[in-house]
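Okay, structure first, notes after.
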Amino acid sequence: MLITISGPAGSGKSTVAAGLAESLGYEHVSGGDIFRDLADDRGLTPLELNKRAEEDDQIDRDLDRKQRDIAESRDDIVLESRLAGWMAGEHADFRIWLDAPLSVRAERIADREDKSVELAHNETKERGKSEALRYREYYNIDIEDRSIYDLALNTARLSPDGVRAVVESAVNAYAPDDDEGQTPVEGVTYEF
C-alpha cells in the first residue's frame, strides 16, 4: 500500500509519517530525503541546492518527478511532502492531509529551528504563498483543494500520539475491497 502524508510546514507530517511507517513496517520517504539526495547528486549541500532552487525551477521539478517515480514504482511506503498526495496521484492508496493554524505551526517551527515565533510566522506565511503560486504555475495544482484527500486532520487539536493514533486507525480501517473509489486527481500537469 502507498500512503501519502501532505501538509504545510510545521503541520507534523514528518513526525506522523515516520511513526506510521514504523508501526506498519513500511519505508518512510520524505521530500526532505529526496531533496538531500538531489543535492548529493549535484555535489551540493542541501542549503546550497535550496539557494539554487530559488532561481532554478527545474530543481523543484526534479524533486517532484522523483516523488512521482517513487509512487509509480514502489509499494509499502509512506511518502511524505507538501505535494505527496498530488504527485502520487492515482498511485496512492490512501492520501492524508495534516494541517494546523499558522500560529501553531509558527511556534513549532520556531522551537525546531531556534528562532523567534514572529520570524517563523512571517517566513512560514511567505513560504506558503510562494509555494502556492509555484504549484499553480508548474502543475495547475491548487494546494488549498483538499478534495483529493481521504483524511484531513487539524494536528493542533491532538497530541502527536493522538494524531498518529487517528491516522493509524484510519489506515488500518481501509480495506481495498470496500473501496468504492477515490477522488481522482484531475487537471494536474505532470511536466517535469
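The first residue you see is number 1, and the count goes up from there.
Positions of Cβ are set from backbone N, Cα and C atoms, glycine also.
What you see is a predicted model, and the numbers here were worked out from it, not measured in a lab.
Per Swiss-Prot, the features are:
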type: BINDING; residues: G7, P8, A9, G10, S11, G12, K13, S14, T15; note: ATP binding site
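Around the Cβ of K13 (ATP binding site), the number of neighbouring Cβ atoms within 10 Å comes to 27. For S11 (ATP binding site), the same-chain residues that are 6 or more apart in sequence and have a Cβ closer than 8 Å to its Cβ are L98, D99, A100, R105, T155. Highlighted in sequence order, V16, L98, A100, R105, R108, T155 have their Cβ within 8 Å of the centre of the Cβ atoms of G7, P8, A9, G10, S11, G12, K13, S14, T15, the residues recorded for ATP, and are not part of that set.
In the structure shown, the C-beta of G7 has more C-beta neighbours within 10 angstroms than that of any other entry among the binding-site residues G7, A9, T15.
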